[in-house]
Amino acid sequence: MIDLMIVTVAKLPFLLGFSVERARKEFWVIIDTGSSDLWVASVYCQSPSCCEYMDLLCWQLHTGHMTPKMSTTFQCKWRKLDLHYGFGKITGVLASETIRIGTAVAKNQTIGLTKSKIGGFLENSPYDGVLGLAYPSLTRREANPLFDNLKRQGVISQPVFALFLSSWPQKSSLLLLGGVDYAYHNGDLKWVPVTQAHLWQIAVDRISINKMVVACSGGCQAIVDSGSSVLAGPTQVVRNIFKHTKPNPKEKSQSLISCDRSKALPPIIFTINGMDFPVSPKYYLQKVSKDICFISFHGGTEDRSPSETWILGDIFLRAYFTVFDWGNYRLSLAPSV
């Protein structure tokens, strides 16, 4: 089993570092369980946010050909890459390279090299790219996801990875590949089947506050997504939740509240596979100033199918140590230490 240290930049999703095997250069990418591809900003990228990364990759364009600068294991596939995210899209080409994450080495790993990054969040991001950890069915046909590659090459002992996202400055966050360290959760792990081997999608029975069902009354679907920093659902349903969490709005925004009211706020309870998983204000409130706090619920998922689909982002993952079991199409949850 390999433990990987993860660092965060301001309030962005969690990042980890990997290096090109022979280039002695480290790249920082978002861990995203809501996608499957690995990509980094390249020397071809013309977006403003790529300018500071022009020297990060180990290749340069010379008379129309790809010329290795430091790596002897790089190969360009010259296949088009076009990826869409909720916060923008990237275009580029596919290549393969030997990369290292911690002590794990993945050979012939597919990497997307960006030509453009479109979208406010992407264009102003202080990270190099994204590492997708969803199922292979979500990736491009010509690509091989990193975790699948590690599994096929026998680098990891089990087709399992786990995430511990720390809420405490003195405790590091971890991505564990190939096994589970039980020191990072309290109580037993509770297993939940994946309903679609595409995303890490699960069935939710209901969502309640103070014993009152406020969402998902007839059951719904949820996607466990480390690439998202919030809890997201259909806009009108989220507005209903705001009514239960803040009857006295701060200013005009439904998502802002006086921080001195935080102790009076109730937990949001997600009932999954017959088991309750409460998310307390400690996790779903973020301080934006000395006196003002932000409730980390967003709308906008009504365009998904089925219409009531929830995104359980880093807010949920901080509360629960999560094991992603590829081999058995399930994940498990237990309260984080």
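Every residue, even glycine, has its Cβ placed from backbone N, Cα and C.
Unlike curated records, TrEMBL annotations are generated automatically.
Database features (TrEMBL):
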SIGNAL    1-17  signal peptide
DOMAIN    14-334  domain 'Peptidase A1'
ACT_SITE  ASP32  active site
DISULFID  CYS216-CYS220  disulfide bond
ACT_SITE  ASP225  active site
DISULFID  CYS259-CYS293  disulfide bond
Between CYS259 (disulfide bond) and ASP225 (active site), the C-alpha gap once rounded to whole angstrom: 27
Which of CYS216, CYS259, CYS293, the listed disulfide-bonded residues, has fewest other Cβ atoms within 10 Å: CYS259
Nearest-integer angstrom distance between the alpha carbons (Cα) of CYS293 (disulfide bond) and ASP225 (active site): 23
Taken over the domain 'Peptidase A1' (14-334), the model's mean pLDDT: 83
Least Cβ-crowded entry, counting other Cβ within 10 Å, from the active-site residues listed as ASP32, ASP225: ASP32
Neighbourhood of CYS220 (disulfide bond) by C-beta distance under 8 A, where only residues 6 or more apart in the same chain count: ALA203, VAL204, PRO306, GLU308, THR309, TRP310
